[in-house]
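> The following block contains the structure, expressed as structure tokens.
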Number of protein chains: 2
Amino acid sequence: MGGVEAGEDTKDSKTEPKGNRGISFLDFIMRIFAIVGTLGSAIAMGKTNDTLPSFTEFIKFKAEYKDLPTFTFFVVANGIVSAYLAVSLVLSILHIVMSGARITRVVLIFFDTVMMAFLTSGASAAAAIVYLAHKGNERANWIAICQQYNSFCDRASGSLVGSFIGVLVFVLLIILSALALSRN
Amino acid sequence: MGGVEAGEDTKDSKTEPKGNRGISFLDFIMRIFAIVGTLGSAIAMGKTNDTLPSFTEFIKFKAEYKDLPTFTFFVVANGIVSAYLAVSLVLSILHIVMSGARITRVVLIFFDTVMMAFLTSGASAAAAIVYLAHKGNERANWIAICQQYNSFCDRASGSLVGSFIGVLVFVLLIILSALALSRN
């Protein structure tokens, strides 16, 4: 199968080398962006903590991302996705060199789609909890903890941004790969 | 562009009609599955409510999906995605007839990817709240409301299933479209 693919590559890269090479180069650049976004999100949320001034010396109220399982999931998801993106750069470079590749592009679309679902899942779950922390919910008697843990909430909210940028980049990456496949 | 595409279609459907027609048929069947899953989720969550027996006649504690904005988002997301899936059946049928189509497949991959992100977002946000309703969170002083609103929680949890099946189907749909593109 590899032999057949290599044969196709040579043929295709002769007929349409420039268009797909540009797409592959854009793919590479956008992956770098997504790495920065997701890794930044993981680190920002991972370092999120806030110590509340307490009246007694012995009891310290400290808020950490580990207190909320959803935030732990968010950090893990962003970490895994940024690691995947770093590895995927290899295939991205391969596509710049061999711009007519088909099978590896399908493989990349598959992993990109799965990782996008994973990242979206982590980001949205964290967003739901951040929203709750800000607004609270009267009917469920859940109080808005952001009034107490202000800096904790600000960091947690901010760390969502990189993650959602990552999701947006993944949508673009999948379209670019599909476009490159359709031109081969 | 439409003329060029139609020309390609005729050529391609002559060279590789059977493989892609099978893929397109599978695409159609899976979309039906996803419609059932997402529409079922929207209806199940939309009808979720639970009245708590109260000591006084005047105060009724009633839990509804509308009490939690995240659940409202879940119902809206599932409704929109199932409507999109119903419309997308037209393109899916077109691909069974014209199995060599390229541009419409790229268009379909684009909308499928966006809708998958939307559905994953709704399902994960709702899952984060359902998890919180079941387990509560000691550090944030959020109580596990499921001990009170038992039937509400069961229905809300159950309605997540169809939505996550929908996400899984979307991943498969995108791969199938990519595979069909790579064989054209």
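Quick reminder: no glycine exception, Cβ is built from N, Cα and C everywhere.
Okay, these came from TrEMBL:
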DOMAIN    B:21-168  domain 'Casparian strip membrane protein'
TRANSMEM  B:28-46  transmembrane segment
TRANSMEM  B:71-94  transmembrane segment
TRANSMEM  B:106-133  transmembrane segment
TRANSMEM  B:160-181  transmembrane segment
> With CB pairs under 8 Å as the measure, which of the listed stretches B:28-46, B:106-133, B:160-181 comes out on top against the transmembrane segment (B:71-94)?
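Most Cβ pairs under 8 Å with the transmembrane segment (B:71-94) come from B:28-46.
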> How many of the residues that make up the domain 'Casparian strip membrane protein' (B:21-168) does DSSP mark as helix, as strand and as coil?
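For the domain 'Casparian strip membrane protein' (B:21-168), the helix, strand and coil counts are 113 helix, 10 strand, 25 coil.
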